[in-house]
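**Q** Dumping what TrEMBL says about this protein:
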- 22-127: domain 'WAC' (DOMAIN)
- 229-282: region 'Disordered' (REGION)
- 254-282: compositional bias 'Basic and acidic residues' (COMPBIAS)
- 308-369: domain 'DDT' (DOMAIN)
- 469-478: compositional bias 'Basic and acidic residues' (COMPBIAS)
- 469-504: region 'Disordered' (REGION)
- 523-534: compositional bias 'Polar residues' (COMPBIAS)
- 523-587: region 'Disordered' (REGION)
- 535-548: compositional bias 'Basic and acidic residues' (COMPBIAS)
- 555-587: compositional bias 'Basic and acidic residues' (COMPBIAS)
Amino acid sequence: MPLFKRKPFDLAKPPEDLEPSDLVYQVRFTKEIFRDYQEYLNRINLYRQRVWMCKSTGKSNLTYEEAMVMEKNAIQKVQQLPNDLVAPALRIIQFSMLSLRDLADLVTKKLQKDLFVGAELYGKKDDGLYPCRVLKIVENGVGKMQYEVALLGENEKITENAILHGEDLVWKKTPFNRKILKSFIRESTCRSIPWVLHEKLAQKHGISTDLPEELRSKFFLQGGQLVNRTKKRKNENRNNVGEANGESGKSKRNKGEIGKPDASKEENNQPEDEPVKYPIDDLLVKPGPDDPLFTDRPSPSRDFNVPMDCIGDLLMVWDFCSSFSRVLNLWPFSLEDFENAICHKDSNLVLIVETHSALLRILIKDDGEYSLALQNKKRKSKISLITWTEYVCDFLEMINVTELCSCMTTIKRGHYGLLDANAKLGILRELVCHALETDLIRGKLDDLIEQRRALGATVRGEALEYARKKREEKEQLKGESNGLEVKENSMESTGSNPHMAENGEENGDMVEEVISSRQSNAFVNSRKQLNGQSKKGEKQKLDPKVEAENITNSNEKEAQKQLTGEKKEDQEKKSKEKREQRKEYFKREMEKRSIRTNPLGKDRDYNRYWWFRRDGRIFVESSDSKQWGYYCAKEEVDALMSSLNPKGERERALQQQLEKFYPRISLELQKRSKDLAQKIALEEAVLRRSTRVRAPPRENPANAFLKYVNKWKED
């Protein structure tokens, strides 16, 4: 069975009192049975995680099914090992202290020397190599093994028999390799270093299970298991010290003993618990003492006007119409207005009529199946407020969906508004699906993809240009610093006397003459004295006016340096601000060219979280897509973020996405709350008026969808 985190994994037991008529869910590759769909889904998702290891090959980072298939293939290859070699290999493996690789190499070397009946090799005879097959093993009195072989010709026909020594036989192709032997060792043993064979397997091949003398000082058998003496002694000493100090199990746990391995675990030779590397699968995360205080996750609002099972269609149709509003020539509308319009009973509501008409026009322009159907019926290409239902019925006839075709009679009678929300959204869903296949929408998608690629190339180009300028500035600064060092070194070489720097050529000639003479030391000493006297004389000759001028010059130079430094800082700040502005600009442009809306992520229970840029709310979709909810307040989003555990893979990714879009989400939610407050205030103002001067129903903010006008409508 595949290993989970390098440890055995127990399959779920079948439910008790199961009757043949009960509805159950079964995992295809493990045959596990579940009554609860959520438990079945959690187990399937766990099997899909790449946390499994093949027990036979040792390969990790696999799904459960991949590990199971790999293990099955490895077992089939292991079974191809000749039976005559199994027992010798097991004798080498039993109680070996070598590593897996070294043990496999040792078994390979020894098995290559052990020939068996039926082995196909090459035999040396008359200074040539001939293919042969071992027929019989012959022992001579000297103790060396001889083999009776059949020399093979074409089509493996036996030409003659011969008796050859083992040195004259060479393997044609070994029936095993290191990879197969590794799998064989893993399958045959119950523990490693020392490697111990399964008891039944050892008894089958007559292999002793008694410990060899060289291992009895370190290990002993207890209850059929091999126990390490040193580890056993350490555990006993630790337990004795704890009992002597009067510590109970509770106090040990408080002191951190919970992370240490049990004596029973060591007796059973189970590996110690490795430290968990986060993030891991969310369902495997356990609360720890160092975890922060997670708040309770707020329950999302579920006060939708449409039925719960068609909210997904509602969001899909609205998001498509909002994303491709320019292509559809459809003035954008809010999700609330669209939801209210779907639930309204008016048959010729402008928002609904314009939405259907825009989608139908796209199908007509595509010159596809729908346009051909209209041509056969000799319909005009212009859709009006009166005839739009006829075009809808033609579309329903074309797609021939049983559930939607039953609505045609109601639509033809002019009672489209009496249809339920499921039917209305079903028709719009089919229109959107067919519109996505048109050349016009696909061309728009291709244009958006090309524009996004061009923007990405521009961003990368600017980043490379900025990095190049930075490198050039660093190289320039290095060159200037190296130049200053060269100047300082030259000044030091010429000496501190300025007259020597001015008359460098004369001094150089003089120095050469002096060095060439035998009195160089005397010259150097006299030169030092003269330099000292000249310095003193210069200090005495300096006038106070000259000193003042020098001070003012130095102050001016320092002021100039400060000004240049401030200018550089200002330039760096301005360039940084420009870069930030460019980044924000590119982000906005990329968002304008968004191709589709993806979920922000999933929580530990596989609930998906959606955020649409044209609506401030965050929608929550259950794992089975049967339940929907939303968060419409900034406080709810803050509580949601603080309830996510970053130790889990899914909640960590969700938290990162929420943090990325948090400024925009909070801004949209604040705008939404202000709009709601204004609407409530207007409704209260309307209610406070007397019945004599009450405003008409259309002025109510809740009926804003009734005032919809398509400002981008085609003429």
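Numbering starts at 1 and runs along the chain as it is shown here.
Each Cβ is built from the backbone N, Cα and C atoms, and glycine gets one as well.
In the displayed structure, how are the listed features positioned relative to their neighbours?
**A** For the domain 'WAC' (22-127), the model gives a mean pLDDT of 82.
In terms of DSSP helix, strand and coil, the domain 'DDT' (308-369) has 46 helix, 0 strand, 16 coil.
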**Q** The compositional bias 'Basic and acidic residues' (469-478): which same-chain residues, six or more beyond its ends, come within Cβ distance under 8 Å?
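**A** Long-range Cβ neighbours of the compositional bias 'Basic and acidic residues' (469-478): none found.
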**Q** Taking helix as H, G and I and strand as E and B in DSSP, count the residues of the compositional bias 'Basic and acidic residues' (469-478) in helix, strand and coil.
**A** 10 helix, 0 strand, 0 coil
**Q** Residue counts in helix (H, G, I), strand (E, B) and coil for the domain 'WAC' (22-127), per DSSP?
**A** 53 helix, 13 strand, 40 coil
